[in-house]
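Note sheet for the following structure.
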């Protein structure tokens with residue numbers, strides 16, 4: 001009985017790739033050094049899967065930045081601004097596309113479906129000349145083969161690639177990206193020919209777009225593409241892999257009738273309805289890659305239940321055509337539980353990270369073949385039972401309070417324009433007020449202080465003094481720059497979700513449970529294993545201290561319930577919205593305590609609200625309803641004079657703008673600078689927005705320092721569609737990952753641009 005892994009984390013168990021990338025970018029190591037770290041990681045992953053008995057081992061899922069960017073490189077689809085003149089694409093062009101360079105900005109980055117992973121969006125148009133420009137897929141196949149591992153090379157499928165792209169600058173927005181299909185297929189044909197020549201017998205095309213709501217012409221493109229590739233695919237076994245949701249009926253029909261395809265991969269964790277489609281009919285003689293082990297969460301698989309599912313499928317497709325698989329790439333989960341010696345033993349028994357999931361996949365395959373590992377299965381059953389009955393999972397008071405929320409609407413008593421008037425009387429801000437999003441650079445010293453305090457190497461008093469000094473420095477910098485609404489810089493925080501989770505009950509934490517977010521950036525999602533409550537105030541001490549250092553308004557900084565939910569590994573034993581309501585009640589207590597402590601501006605970040613939007617339109621309304629309701633719960637009890645801000649990043653908001661308005665925040669700041677003001681088109685099209693809004697005026701994900709003119713130009717574009725009395729001026733995200741040498745001049749230019757336009761507006765009144 002065969003087993004398969006869709007993809008695997010790239011960063012390494014101890015984030016080896018992250019440190020190698022950052023060292024290379026800082027000029028401290030060579031391209032050869034980086035390539036050596038990458039090759040070592042790849043070979044250890046292949047060895048691990050071989051040792052675990054996996055039959056279908058993927059290659060080319062490893063990346064030094066992003067798999068979609070790798071495909072852009074393979075196709076030679078480099079935007080002209082990077083000055084590439086042909087030949088094999090090297091690190092210089094590759095990383096310029098991902099990160100920008102001194103003279104040109106990076107390509108847009110956006111969320112990969114509904115995950116917290118970001119991909120680099122291809123920029124395409126009728127003028128692009130595609131050519132085979134990166135031999136990575138073939139090289140990695142050969143590299144594995146030289147190590148004695150025959151892998152399944154993985155390519156982003158041609159149709160999903162085009163549907164994940166956007167029209168390049170200057171190309172009509174209505175340009176049909178699918179019209180390029182016949183231009184990119186010849187490159188795919190060259191890659192396939194080389195893979196065949198190198199000895200590949202299987203190939204995997206990832207076509208995750210098949211789970212979306214596609215029209216007839218988009219489905220037709222799949223039929224067309226795979227028919228056109230038929231000759232190139234002959235002699236190869238072809239797997240088309242889908243993931244993250246159910247495959248809709250029409251897409252299922254299109255997919256399963258592709259002639260040149262040998263096997264179909266489905267996510268049977270998030271796609272439970274797909275099971276019904278398979279039971280209703282599956283093409284005979286084809287392989288079914290059954291994704292029963294969850295690639296998106298860290299809970300141990302319920303092996304007995306998965307085995308039942310697999311046995312039912314075996315009856316439909318036949319013993320020799322069923323392959324046990326992960327639901328999607330394991331990229332979205334933590335790497336290895338072995339690196340968690342301090343994790344609570346009971347909780348640890350409930351978990352499986354990527355390395356453990358590989359073992360689970362193989363254990364299920366062996367059990368299906370009649371070689372069940374009884375000890376492994378009974379340990380799994382015991383852990384499942386202990387999780388169900390553990391008293392630490394349930395808190396009745398929290399359950400009751402969350403249930404009581406469902407009937408009500410939770411809105412502030414007055415409308416936003418009345419509140420903004422009351423707030424302006426109290427805050428007395430200039431027109432185009434300036435602020436930042438929350439965090440300031442996290443220096444090495446700061447990280448050391450936090451580390452030493454955690455390891456009990458310095459006293460609480462010394463720690464508080466060090467943080468106080470840092471806050472004071474950040475307040476002084478902002479006052480010198482003449483920023484209007486200040487932040488304390490968050491020096492006491494490791495991560496915007498982890499920091500809160502550590503102070504809430506129902507959360508567990510890992511030491512090395514890192515997951516790639518983009519490039520070298522990793523996050524360490526907390527694990528929500530039980531009912532959530534707030535034992536005591538979390539931020540009031542630091543916010544009050546910061547406010548005492550200045551006469552200007554100091555923002556209290558909180559992470560919102562939907563973002564805490566979406567950026568955690570969430571318990572899978574109750575609906576997500578129930579967990580979200582519990583978190584909302586905890587944040588509500590914190591908001592009210594901040595207000596009592598005299599904090600008059602409170603920012604409740606919902607960076608991940610859009611990210612949790614289900615992939616299928618039919619499920620949008622239900623999600624947006626409870627997500628927006630959760631946000632409103634947090635601040636429905638505050639005075640009119642307390643200004644509630646929220647922040648959102650890296651998303652396409654245009655389709656949820658009415659839900660954003662329904663959140664009823666007083667001010668919203670939004671990431672906008674990399675997406676070329678896509679956001680502003682909503683307002684151009686006549687959506688009326690009465691609350692304060694701050695579309696980001698420069699990109700903090702790039703080391704580039706924008707000029708005053710560039711920022712002023714951005715603000716003027718915003719003023720063309722937004723009233724000057726509601727517009728705020730701010731960077732597009734927190735400044736945590738930047739250096740002070742970049743932050744100070746950039747903010748200085750931002751304030752100067754705002755002042756220049758204030759004067760201009762004043763003289764035209």
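Keep in mind that glycine also has a Cβ here, set from the backbone N, Cα and C atoms.
Here is what TrEMBL says about this protein:
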type: ACT_SITE; residues: 701; note: active site, proton donor
type: BINDING; residues: 18, 116, 521, 522, 567; note: 5-methyltetrahydropteroyltri-L-glutamate binding site
type: BINDING; residues: 437, 438, 439, 490, 605; note: L-methionine binding site
type: BINDING; residues: 647, 649, 671, 733; note: Zn(2+) 1 binding site
type: BINDING; residues: 658, 662; note: Zn(2+) 2 binding site
type: DOMAIN; residues: 3-315; note: domain 'Cobalamin-independent methionine synthase MetE N-terminal'
type: DOMAIN; residues: 432-755; note: domain 'Cobalamin-independent methionine synthase MetE C-terminal/archaeal'
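Here the CA atom of residue 701 (active site, proton donor) lies 11 Å from the CA atom of residue 521 (5-methyltetrahydropteroyltri-L-glutamate binding site). Taking the binding-site residues 647, 658 in turn, the residue surrounded by the fewest other Cβ atoms inside 10 Å of its Cβ turns out to be 658. The recorded positions recorded for this entry are 438, 490, 605, 671, 701, and the Cα of 701 lies nearest to that of residue 522 (5-methyltetrahydropteroyltri-L-glutamate binding site). The Cβ neighbour count for residue 438 (L-methionine binding site), using a 10 Å radius and every protein chain shown, is 24.
Of the chain residues outside the L-methionine site list 437, 438, 439, 490, 605, 436, 487, 496, 557, 603, 647, 734, 736 have their Cβ within 8 Å of the site's Cβ mean position. Of all the recorded positions listed (18, 521, 701), 701 sits in the most crowded Cβ setting, with the most other Cβ atoms within 10 Å. Each of the binding-site residues 437, 522, 649, 733 was scored by how many other Cβ atoms lie within 10 Å of its Cβ, and the smallest score goes to 522. The full span of the recorded 5-methyltetrahydropteroyltri-L-glutamate binding residues, 18, 116, 521, 522, 567, taken as their largest Cα to Cα distance, is 20 Å. Restricting the binding-site residues 18, 116, 647, 662, 671 to those with a CA within 10 Å of the CA of residue 605 (L-methionine binding site) leaves 647, listed by sequence position. Take the binding-site residues 490, 662, 671: by the count of other Cβ atoms within 10 Å of each Cβ, the lowest one is 662. Between the C-alpha atoms of residue 490 (L-methionine binding site) and residue 662 (Zn(2+) 2 binding site), the distance comes to 28 Å. Distance from the CA of residue 116 (5-methyltetrahydropteroyltri-L-glutamate binding site) to the CA of residue 438 (L-methionine binding site) is 20 Å.
Across the domain 'Cobalamin-independent methionine synthase MetE C-terminal/archaeal' (432-755), the prediction's mean pLDDT works out to 92.
Here the C-alpha separation of residue 439 (L-methionine binding site) and the residue listed as 'active site, proton donor' works out to 13 Å.
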